[in-house]
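Record features (TrEMBL):
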{"type": "BINDING", "residues": "Asn105, His110, Glu115", "note": "oxalate binding site"}
{"type": "BINDING", "residues": "His108, His110, Glu115, His159", "note": "Mn(2+) binding site"}
{"type": "DISULFID", "residues": "Cys31-Cys48", "note": "disulfide bond"}
{"type": "DOMAIN", "residues": "60-213", "note": "domain 'Cupin type-1'"}
{"type": "SIGNAL", "residues": "1-21", "note": "signal peptide"}
Amino acid sequence: MTRIAYFIVAVLALAPSFASAYDPSPLQDFCVAVNDSESAVFVNGKFCKDPKLVVAEDFFKHVDAGNTSNKLGSKVTQVSVNELFGLNTLGISLARIDFAAKGLNPPHIHPRGTEILIVIEGTLYVGFVTSNQNNGQNRLFTKVLNKGDVFVFPKGLVHFQLNVGYENAVAIAALSSQNAGVITIANAVFGSTPPISDQVLTKAFQVDKNTVDYLQKQFWYDNN
């Protein structure tokens, strides 16, 4: 085998590792995000707090129980890089999800991260829907989770959690991104600014204009 052939094989062998990368790997121990560029250094494409000024509090945050007194009966308390600057470049974040009895974390996606969830208290009915790669079918995977159970929601797929118990429930979700993002389906489709055209929505959902207008007038609560 020639040197060129060996080189091509080596590049192809490395390709999957490049293709599967999510958040960039850090090039230093940490890069605490800072909004004031005057007191920062530019490292790895981000303004970072001068390491000499970093303190333990940059890596610390207390999370209280969320207020579930809303239409959904749930509250997601995120701990992403926006809430904890020490997460910058580390490629991970988490969220606490509180549920009232029968509370719902509605169908949503995380465009930049896979989620792994553990139930701390209560009983949750959870699920996700695949893309249409399986002969055009969107397959639904569901499971009832109890305290201590763990479930994974793959990156970018629609998923949800419903408290099927009569008591409050709590779950902790870890995400494979410092800022995984969230798109709540109903909010995005019927609560966008400006609104999506009735002509688009009536055809997409096979309903009449009055139904679309009604849905667009609802207050789409964001529980994140």
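Placed from the backbone N, Cα and C atoms, the Cβ positions cover glycine too.
Between the alpha carbons (Cα) of His110 (oxalate binding site) and His159 (Mn(2+) binding site) lies a span of roughly 9 Å. Within the same chain, residues at least six positions away from His108 (Mn(2+) binding site) with a Cβ under 8 Å of its Cβ are Val158, His159, Phe160, Val182, Ile183, Thr184, Ile185.
Same-chain neighbours of the Mn(2+) site beyond His108, His110, Glu115, His159, judged by a C-beta within 8 angstroms of the site's C-beta center, are, in sequence order, Ile109, Phe128, Phe153, Leu157, Val158, Ala180, Val182.
Within 8 Å of the centroid of the Cβ atoms of Asn105, His110, Glu115, where the record puts oxalate, the same chain has further Cβ atoms from Ala95, His108, Ile109, Leu117, Phe153, His159, Gln161, Ala173, Leu175, Ala180, Val182.
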